[in-house]
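Notes follow once the structure below has been shown.
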Amino acid sequence: MLPTRLLSFSGSRAISTSFCLRAHGSVVKSEDYALPSYVDRRDYPLPDVAHVKQLSAGQKALKEKEKAPWGSLTRDEKVELYRIQFNESFAEMNRGTNEWKTVVGTALFFIGFTALILIWEKHYVYGPIPHTFDKEWVAMQTKRMLDMKVSPIQGFSAKWDYNKNEWRK
């Protein structure tokens, strides 16, 4: 009885303490969704903020050089200024992806897997085809139905010519 009480007292306290320690393990940084954010979209070509928010010393010097006439900037500096403002160009945004290969491959995988399951079922689950599906059996059954004159007004036997022993045209 005493060990049970000690275990229950220390066990519940240890469990609750470990939960508290686990809960305070990391600090979650919350995003302020009221502030504008950067996004590359074709239908929204000029985002509210620049792509690079924290400029390095070289980028700050380049931004100062940007205030001068643009003819003095080299092509590489113009590209660097563009990359500070935007992550992708329109050509890069419009470039096709290879996602279709993944979709087609996944679809073909599942079609193949389904085919394997059907082949396995046909081989191991289903029995042999009943003898009533044989062409000879179907012919005998049709002859029997014609001999019995099944549905003679508008049905099966109405389409059979009993004098010529052939189907009516």
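Quick reminder: no glycine exception, Cβ is built from N, Cα and C everywhere.
Annotation source Swiss-Prot lists N6-succinyllysine at Lys29 (among others), citing similarity to another entry. The secondary structure of Lys29 (N6-succinyllysine), as reduced to three states from DSSP, is coil rather than helix or strand. Taking a C-beta cut-off of under 8 Å and a sequence gap of six or more, Lys29 (N6-succinyllysine) has no contacts in its own chain.
The N6-acetyllysine annotation in Swiss-Prot covers Lys29 (among others) and rests on similarity to another entry.
With a 10 A radius on its CB, Lys53 (N6-acetyllysine) counts 8 other CB atoms from all the protein chains. The annotation N6-acetyllysine is assigned in Swiss-Prot to Lys53 (among others) on the grounds of similarity to another entry.
If you look up Swiss-Prot, you'll see Ser56 marked as phosphoserine, on the strength of similarity to another entry. Following the DSSP three-state reduction, the secondary structure of Ser56 (phosphoserine) is coil. Ser56 (phosphoserine) counts 10 other C-beta atoms within 10 Å of its own C-beta, drawing on all protein chains shown.
Taken from Swiss-Prot, the feature N6-succinyllysine applies to Lys60 (among others). Taking Cβ-Cβ distances under 8 Å and a sequence gap of 6 or more within the same chain, Lys60 (N6-succinyllysine) has no neighbours at all.
Annotated N6-acetyllysine per Swiss-Prot: Lys60 (among others), in sequence order.
Around Lys67 (N6-acetyllysine), no same-chain residue six or more apart in sequence has its CB under 8 Å from its CB. According to DSSP, Lys67 (N6-acetyllysine) is assigned to coil rather than to any helix or strand. Taken from Swiss-Prot, the feature N6-acetyllysine covers Lys67 (among others).
Taken from Swiss-Prot, the feature transit peptide applies to 1-22.
According to Swiss-Prot, the transmembrane segment annotation covers 99-124. Nonlocal intrachain contacts for the transmembrane segment (99-124), taken as residues 6+ away from its ends with a CB within less than 8 angstroms of a stretch CB, are lacking entirely.
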